Amino acid sequence: MSSEIAIEEQGRQPLLYSTPTNGNEEEIVTSSSSNGPDALKNTSSNQRLLSLDVFRGLTVALMILVDDAGGAFPSINHAPWFGVTIADFVMPFFLFGVGVSISLVFKKVSSKPLATKKVVFRTVKLFLLGLFLQGGYFHGRNNLAYGVDVAKIRWLGVLQRISIGYLLASITEIWLVKNITVDSPIAFVRKYYVQWIVATLLLSFYMCLLYGLYVPNWEFQAPSLTRSTNGPQIVRCGVRGSLEPPCNAVGYIDRYFLGEQHLYQRPVYRRTKECSVNSPDYGPLPPHSPEWCLAPFDPEGILSSLMAVLTCFVGLHFGHILLHYKGQMHTVVMWSMSSFMLLISGFGLQVLGIPFSKPLYTLSYMCITAGASGLFLTIIFYMVDVKHFRKPVVLLQWMGMNALIIYALAACDIFPAAVQGFYWHSPENNLVDGVESLLQAILHSSKWGTFVFVLLGILFWCLVGGFLHMKGIYIKL
């Protein structure tokens, strides 16, 4: 995924606009004059908006780290239900980056129907790719089998959620943005206020269902050989407004519309104290554990995905600031103010009783993660695009240029599983497990051996991204 800046001399205020490259990526064009140190430098050649690439690369690297090392270090894995860890920032980082990109792609649209057609086509491709990679067809590392029972395929996942956010944010950017020249803060609000009305309606819809929908008792078929009692398990609810694992509206809507068999079968709440003797890691059920511990729950469900779209809208806002506000340091200040406002709002909402919860994508969680996304992008933008401090982050930049393909191959375990397919006499004797075992032996620690193995894997994918960059290959969906 690429971001490019072309600079032309055309006036006093830097006015940025974007055109689709191959119909799906952003190319930022800016006109600038040398009005002081904050003005964008003039150049005759195209330059990349490196900070966005670095931000994407950081996001993919974090996902690989928490997915592959989270088992060894449960503290960096997803929070069992309430709270946030490093892993819980990855998905919002993805969505936030999507929002920023959309604002740059569709700053000027020559044909709204054509742009909409491209958006829908790309949404379908991204959704189907997610279904293929995360629906259960590939069984991941240490399992060379493949195939999925269509009656149990998982309909939703990370890429599917991103596709939903991309679709809704893009449609509002194409059709609901006013054709107004931004020359004042009031004009800025007038240009984009309809988008925020849509975001407010999505938020209101989510909050009304989360706290107002009645969740009845329900039953599920517990996995065999896991309990002494076989057969359907009954979960007793009959409540409204519960945010606990068994009786929340998010799970109820998914069970009603998607069906129990099509949900994620190993939810994070199996690492809670109620459901695991090794909490916050997975483990055997404690004595007298509640019946819902073995129930499925999708962390990328329908209602939570609608709430997650708001993170894309926050990314849109940051992109709009980049497009319209004069000077790089002015952008840094505005981004910083927006980020800290979101962070303060997130902590304030938690104090008021709305806890951080990624599985539910609560409002406090959205605010704190979107604020962190904006703050990290601000820091990276200041380092890379303002101060040109680029060499230390070039590896992340390379990874970010092909974030989608690296995510598919690495974070979805396609490449490691393929390498494991070549083994010596026994499937356990493969290059992937061999290197990890060697590092564990050298460091005399299974945890730190795994951690170093994952870091080497991230370095490998950075170099793969660099190779693709040198060859001029940017794989886009």
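Glycine is treated like the rest: Cβ placed from N, Cα and C.
Per TrEMBL, these features apply:
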type     : residues : note
COMPBIAS : 16-41    : compositional bias 'Polar residues'
REGION   : 1-41     : region 'Disordered'
TRANSMEM : 86-107   : transmembrane segment
TRANSMEM : 119-138  : transmembrane segment
TRANSMEM : 158-180  : transmembrane segment
TRANSMEM : 192-214  : transmembrane segment
TRANSMEM : 302-323  : transmembrane segment
TRANSMEM : 335-356  : transmembrane segment
TRANSMEM : 362-384  : transmembrane segment
TRANSMEM : 404-424  : transmembrane segment
TRANSMEM : 448-468  : transmembrane segment
Residue list, the transmembrane segment (158-180) vs rest of chain: Cβ under 8 Å, 6 or more residues beyond ends.
91, 94-95, 98-99, 102-103, 105-106, 109, 112, 115-116, 119-120, 122-124, 126-127, 129-131, 133-134, 187, 190-192, 194-195, 198, 202, 300, 305-306, 308-309, 311-313, 315-316
Taking residues 6+ outside the transmembrane segment (86-107), which of them lie with a CB under 8 Å of any CB in it?
1, 3, 16-18, 20, 24-28, 49, 52, 55-56, 58-59, 62-63, 65-67, 70, 76-79, 115, 158, 161-162, 165-166, 169-170, 173-174, 177, 308-309, 311-320, 322-323, 356, 358, 365-366, 369-370, 372-374, 376-377
Positions whose Cβ lies under 8 angstroms from the transmembrane segment (362-384), at least six residues beyond its ends:
50-52, 54-55, 58, 84, 88-89, 91-93, 96-97, 100, 203, 206-207, 210, 243, 307-308, 310-311, 314-315, 318, 328, 331-332, 335-336, 338-347, 349-350, 354-356, 390, 393, 397
